[in-house]
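TrEMBL annotations:
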type	residues	note
COMPBIAS	12-29	compositional bias 'Gly residues'
DOMAIN	115-683	domain 'Major facilitator superfamily (MFS) profile'
REGION	1-59	region 'Disordered'
TRANSMEM	113-137	transmembrane segment
TRANSMEM	152-169	transmembrane segment
TRANSMEM	181-199	transmembrane segment
TRANSMEM	205-227	transmembrane segment
TRANSMEM	239-262	transmembrane segment
TRANSMEM	282-301	transmembrane segment
TRANSMEM	391-412	transmembrane segment
TRANSMEM	542-564	transmembrane segment
TRANSMEM	571-590	transmembrane segment
TRANSMEM	596-618	transmembrane segment
TRANSMEM	630-653	transmembrane segment
TRANSMEM	659-679	transmembrane segment
Amino acid sequence: MADRYQNHTHQQGGGDSYGTYGEGGGPDGYGYQADYPSQEEDAASDATEGHDEEDQMYEGEYQGIPHPDEVKAAQRAARAKARPAGSTISDLEELSEQYEDIMEDCGHGKFQWTLFVVLGLALMADGVECFVVAFALPSAEKDLCLSNAEKGMLGLVVFLSMMVGAFLWGGLADKLGRRRCLMVALAINCVFAFLSSFAQGYGFFLFFRLLSGIGIGGTVPIVYTYFSEFLQMEKRGEHLSWLCMFWMMGGIYASFTAWGVIPRYGWGFSMGSEFQFHSWRVFVLVAALPAIMSLVGLTFMPESPRFLLENAKHDEAWMILKQVHDTNWRAKGQPEKVFTVTHIKAPKTAEDEFIEIQTATGTPVQRWAVRSLRICKLVLRNVASLLSAELRFATLFMAIIWFCMAFSYYGLSVWFPDMIKHLQHEEYESRLKTFHGERVENFQFNFSLENQIHREGEYIRDKFVGIEMKSVKFEDSLFEDCLFEDIRSTDTMFENCTIRSTIFYNTDLWKEKFIDCRMENNTFEHNKHGCHLDTTDENDVLVYLVSFLGSLAVLPGNIISALFVEKIGRVRIIGGSMLISAGCSFFLLLSFSQSAIIALQCLFCGVSAAAWNGIEVVTVELYPASKRATAFGVLNALCKLAAVLGSSIFASFVGITKAIPILLSFTALVCGGLVALRLPDTRQKILQ
């Protein structure tokens with residue numbers, strides 16, 4: 001095999017824009033030898049020595065089952081027959097068909113399943129990233145002393161950074177390589193996620209999460225592009241849909257780890273008063289594990305051979321394809337199967353501007369600057385080509401579908417938990433206790449006060465010792481000669497009160513909690529200044545539960561889409577799922593309880609998963625290899641922009657009206673579903 005590989009040369013024809021890799025020919029002009037090459041070519045492996053042809057008898061011959069090689073030959077003949085008579089096949093189409101034939105010969109086996117797990121972990125890391133800040137924020141806002149505006153910015157920066165990352169890494173992956181860009185993106189995510197867990201200030205935490213999001217933003221466009229180029233046509237839709245399940249697993253993983261780690265306050269540590277490492281920071285660290293595992297796994301995976309062929313790196317592509325072939329057939333117990341490809345059509349490098357600048361004059365910094373500028377120009381040119389005549393309508397249709405789906409999905413994903421919290425708050429307020437005109441003298445309050453309003457009360461020589469005040473408000477009240485000691489408060493305030501000769505010792509009652517109050521001869525000693533994490537406050541388990549159920553509900557949608565994406569078709573999966581999701585959102589108008597909203601959320605997420613799977617499969621199949629990651633990155637960036645708009649708009653109507661968010665979601669899903677039905681069917685389409 002080594003002797004045959006050394007004979008591979010790159011022949012260049014005069015006017016042909018493609019070169020021929022290797023020698024020899026075969027049926028349809030492809031470089032395939034017979035299933036068992038002659039010994040003169042020294043192509044047979046040592047594993048076949050001593051075997052007769054009779055030993056290789058096909059087991060299904062007497063059962064009338066066609067040999068797999070006969071099936072492949074029939075499929076190739078059918079593709080050739082499907083071409084219009086007299087039409088000439090372009091070099092790009094010839095490369096695409098030959099690459100599909102090679103992947104069919106390589107089979108689907110151990111190599112693809114290994115890559116499936118490695119890339120699935122990267123996709124899982126993307127799913128985790130969408131939940132990290134949301135789960136950590138309730139504790140982080142107390143630890144970092146965040147205002148409402150700062151909390152909003154922290155949630156916003158997650159999607160904005162992922163939007164930038166999708167556009168950046170998607171474009172670079174078509175010029176620098178899928179594996180290379182994915183590894184760098186994951187490494188950036190891991191490093192800055194690690195640093196963010198130790199950041200003690202809001203500014204550093206925001207900055208590190210921004211860079212972490214830019215890194216993880218590149219995973220979705222690269223993962224689908226990368227994996228699709230190792231799949232044959234008949235396996236592509238199904239296995240890309242199975243890959244989507246890892247995003248669901250990311251949501252489940254984030255929910256479980258947040259539930260298991262964040263309430264465990266003893267897991268943290270502190271170094272004086274300046275450095276605090278609470279359990280929510282441990283959760284941020286643990287959330288980075290899928291990205292770390294994927295990064296380690298990628299070190300053992302090769303680059304996409306289709307990318308290498310597009311960049312005329314023939315030798316590397318041939319070696320990787322041989323590796324895929326041998327890995328799969330050895331795992332199937334047929335090590336004697338020989339990789340019979342002798343030449344591959346591939347583009348020349350003459351018209352490729354992306355050339356290593358090694359002999360140019362200037363310093364290394366200057367060469368790096370010129371190289372970087374050229375890469376940027378090539379990426380932007382690739383982005384502009386998505387609006388060319390042959391891709392314009394595909395890009396427009398896919399942009400509408402991605403935007404409508406993301407606007408509704410992410411908007412409702414925020415609206416569901418916020419609406420449940422609002423219903424809980426309304427129920428909590430309905431149990432509010434009001435005390436009017438009470439007079440209490442020489443009494444010690446040794447029980448907690450919660451959800452109360454005290455108006456025009458008088459408290460003379462009373463003691464409030466070692467208690468918690470939660471959602472308590474004193475209005476127009478008098479406190480004289482009182483003692484407040486070891487007090488912990490939440491949503492507690494004193495408004496228009498008179499406070500005289502009162503001692504506040506070791507409390508968190510500071511000036512902001514006294515509104516328009518008259519303070520006379522009072523003493524504050526050892527007060528708890530600044531922000532602090534209340535370790536006795538119970539976490540709202542419902543936040544984790546709702547996210548967990550929403551992620552788990554995706555499972556049926558994933559399974560159905562994976563099983564039927566080849567039978568029903570991508571277009572019907574997308575259009576039907578979006579229209580059913582629109583119906584689910586409309587029924588939210590009739591729901592008035594927490595259980596009904598949670599049930600509809602699960603149904604909506606499950607049906608939406610099928611739509612997402614179809615959208616991602618079609619996006620891969622509509623674009624050629626040289627633009628595939630770029631197109632996916634642009635559309636995924638548009639998705640994140642729609643997510644920002646949807647979540648912001650929907651959240652602003654919580655507690656005001658639910659009709660507007662629901663009608664917006666319904667309209668967007670119907671519009672996207674109808675547009676999806678106009679897409680071409682790509683089931684039998686060879687990847688360009």
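For all residues, glycine too, the Cβ spot is worked out from N, Cα and C.
Under 8 Å from some Cβ of the transmembrane segment (659-679) lie the Cβ atoms of residues 394, 397-398, 400-401, 403-405, 407-408, 411-412, 415, 570-572, 574-579, 581-582, 585-586, 588-589, 614-615, 618, 649-650, 653, all in the same chain and six or more residues away from its ends.
When Cβ-Cβ distances under 8 Å to the transmembrane segment (391-412) are tallied for each of 113-137, 152-169, 239-262, 596-618, 630-653, the top count falls to 630-653. When each of 205-227, 239-262, 282-301, 542-564, 571-590 is scored by its Cβ pairs under 8 Å to the transmembrane segment (152-169), the top-ranked stretch turns out to be 205-227. Listed by sequence, the residues of this chain that lie at least six past the ends of the transmembrane segment (571-590) yet keep a Cβ under 8 A from its Cβ atoms are 401, 404-405, 408, 412, 557, 561, 564-565, 597, 600, 603-604, 607-608, 610-611, 613-615, 618, 658-659, 662, 665-666, 669-670, 672-674, 676-677, 679-681. Segment contact is absent for the transmembrane segment (282-301) and the transmembrane segment (596-618), given fewer than three CB pairs below 8 angstroms at sequence separation of 6 or more. When the stretches 113-137, 239-262, 630-653 are ranked by Cβ pairs under 8 Å to the transmembrane segment (596-618), first place goes to 239-262. Mean model confidence for the domain 'Major facilitator superfamily (MFS) profile' (115-683) is a pLDDT of 84. For the transmembrane segment (630-653), same-chain residues at least 6 beyond its ends with a Cβ under 8 Å from one of its own Cβ atoms are 155-156, 159-160, 162-164, 166-171, 173-174, 217-218, 220-221, 224-225, 379, 382-383, 386, 391, 395, 398-399, 402-415, 418, 619-620, 622-623, 660-661, 664-665. Sequence-distant contacts of the transmembrane segment (113-137) (same chain, six or more residues past either end, CB-CB distance under 8 Å): 146, 151, 154-155, 158, 162, 182, 186, 189, 193, 209, 212-213, 216-217, 219-220, 223, 226-227, 230, 239, 242-251, 253-255, 258, 262, 280-281, 283-284, 287-288, 290-291, 293-294, 297-298, 300-301, 543-544, 547, 551.
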